[in-house]
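Student: Swiss-Prot lists these features:
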| type | residues | note |
| --- | --- | --- |
| BINDING | Asn7, Glu383 | Mg(2+) binding site |
| BINDING | Lys14, His207, Leu208, Gly209, Asn210, Gly211, Asp282, Met283, Arg284, Gly330, Val331, Gly332, Glu333, Asn334 | ATP binding site |
| BINDING | Arg90 | substrate binding site |
| ACT_SITE | Asp147 | active site, proton donor/acceptor |
| SITE | His179 | site 'Transition state stabilizer' |
| SITE | Arg240 | site 'Transition state stabilizer' |
Amino acid sequence: MKILVVNCGSSSVKYQFIDMKGEKVLCKGLAERVGIEGSRLVHKVNEDKHVIEKPMKDHEEALKLILETLLDREIGVIRDLSEISAVGHRVVHGAERFASSILIDEEVMKVLEENIHLAPLHNPPNIMGIKAVQKLLPQVPNVGVFDTAFHQSMPRKAFLYPLPYEFYEKYRIRRYGFHGTSHRYVSKRAAEILGRDYYDFKVITCHLGNGASIAAIRHGKSIDTSMGFTPLEGLVMGTRSGDIDPAIVIYMQQNLSIPVEEVYNILNKKSGVLGLSKLSSDMRDIEDAAESGNEMAQLALEIYIYRIAKYIGAYTAAMNGVDAIVFTAGVGENSPYVREKVCDYLGFLGVKIDRNLNNMKGVERIVSTPDSRVAILIVPTNEELVIARDTKQIVESGIKELKLF
């Protein structure tokens, strides 16, 4: 079975084509600047990269070009579209309706469109991608895998906000959490690496990219996570503020006369590491500047690391202990400095890291010492593989929903 995994952003389509026999990635790529001048497709087969510059006015044209490229005699990997057994879609927000990966039909599409208001930036392009595939490959089943689904196991004490209860009853304002597919993959993989039973295992997973979140996973279920009603809550991120006093928003509007749209833009695109450092949202730039003596970069790093450590401490308490802590995503996988400084806060847990192992790059590994009471791991995330696995299981089994917990 060969599965096409699709992740549609507002002006991009990211894809992987995976042969599930051996779970081999046959090709992958990115259609970028979709609907914008200068659109192009970057297509990779093994180590070979091919760039196709071609106008793509919308997601349908982008997906059509991707399918044409898969069929290309020179750089393609299939001879006929019938070789595509199914398409798995990343969908950012499944609301409370979807706590599972699901076979997409008319009813599912209706629910997705009804919940656009919960993810107005992310769900519309996800929906456009699904509709385009349904048109281009009408006989091929489509499966939706939701970023929020894994966190639907959270108890009410974790997902409810202390607002008047009617805000939840009427408007479903609550913590949803995101990056669920990543947290699910790396937590399971950590249990495998350590030879532990996933369903008798307490793990804290740190997905640290430009967007960042932490999850507390006990016995295979997410019991809490740092992102909330939107991906703005929680950790200090590349350009997002994370946790702040909500009254600051009111102050910015009333006392500083900043329009609500600009407040939203400031909190999402001008804050975080970028706002604190006045320099960059890229942690590599921040670390280089901090090492060169830039005090604002040093401060941004300190605040970023401190917030991560605070959440780890809180989630250790929430689970009454922790067996392992996992670092993943761009910063989590590639910044020895961030990992080391976070772990420096965790001596009270008996955390000890091997600095030589920690300083290695790009390899899945345990970086804690043998006598560390908590295992520290680096696990590169693989959300596309999770989507492909769920898609395969649903299509092969003939089921509509794949329960995650």
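Backbone N, Cα and C define each Cβ position, glycine as well.
Owing to the predicted nature of the structure, the values given are computational and were not obtained by experimental measurement.
Tell me about the setting of these features in this model.
Tutor: Counting every protein chain shown, the number of other Cβ atoms lying within 10 Å of the Cβ of Glu383 (Mg(2+) binding site) is 23.
Of all Cβ atoms in the shown protein chains, 17 besides its own fall within 10 Å of the Cβ of Lys14 (ATP binding site).
The DSSP secondary structure for Arg90 (substrate binding site) is strand.
Take the CB of Asp147 (active site, proton donor/acceptor) and look out to 10 A: across all protein chains shown you find 26 other CB atoms.
A simple way to gauge crowding: the CB of His179 (site 'Transition state stabilizer') has 29 other CB atoms within 10 angstroms, across all the protein chains here.
Counting Cβ atoms from all protein chains shown, Arg240 (site 'Transition state stabilizer') has 26 others lying within 10 Å of its own Cβ.
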Student: Rank the binding-site residues Asp282, Glu333 by the number of other Cβ atoms within 10 Å of each Cβ, and give the residue at the low end.
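Tutor: Each of the binding-site residues Asp282, Glu333 was scored by Cβ atoms within 10 Å; lowest is Asp282.
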Student: Given that the record lists Lys14, His207, Leu208, Gly209, Asn210, Gly211, Asp282, Met283, Arg284, Gly330, Val331, Gly332, Glu333, Asn334 as binding ATP, what is the largest C-alpha to C-alpha distance among them, in Å?
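Tutor: Taking every pair among Lys14, His207, Leu208, Gly209, Asn210, Gly211, Asp282, Met283, Arg284, Gly330, Val331, Gly332, Glu333, Asn334, the longest Cα gap is 24 Å.
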Student: Roughly how many Å separate the Cα of Val331 (ATP binding site) from that of His179 (site 'Transition state stabilizer'), to the nearest whole number?
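Tutor: The Cα atom of Val331 (ATP binding site) is 15 Å away from the Cα atom of His179 (site 'Transition state stabilizer').
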Student: Check Leu208 (ATP binding site) against DSSP and tell me helix, strand or coil, would you?
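Tutor: In the DSSP reduction, Leu208 (ATP binding site) maps to strand.
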Student: Under 8 Å Cβ-Cβ from Arg90 (substrate binding site), six or more apart in the same chain: what's there?
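Tutor: Val5, Val6, Asn7, Cys8, Asn126, Val145, Asp147, Thr181, Glu383, Ile387 - these are the non-local Cβ neighbours of Arg90 (substrate binding site), listed in sequence order.
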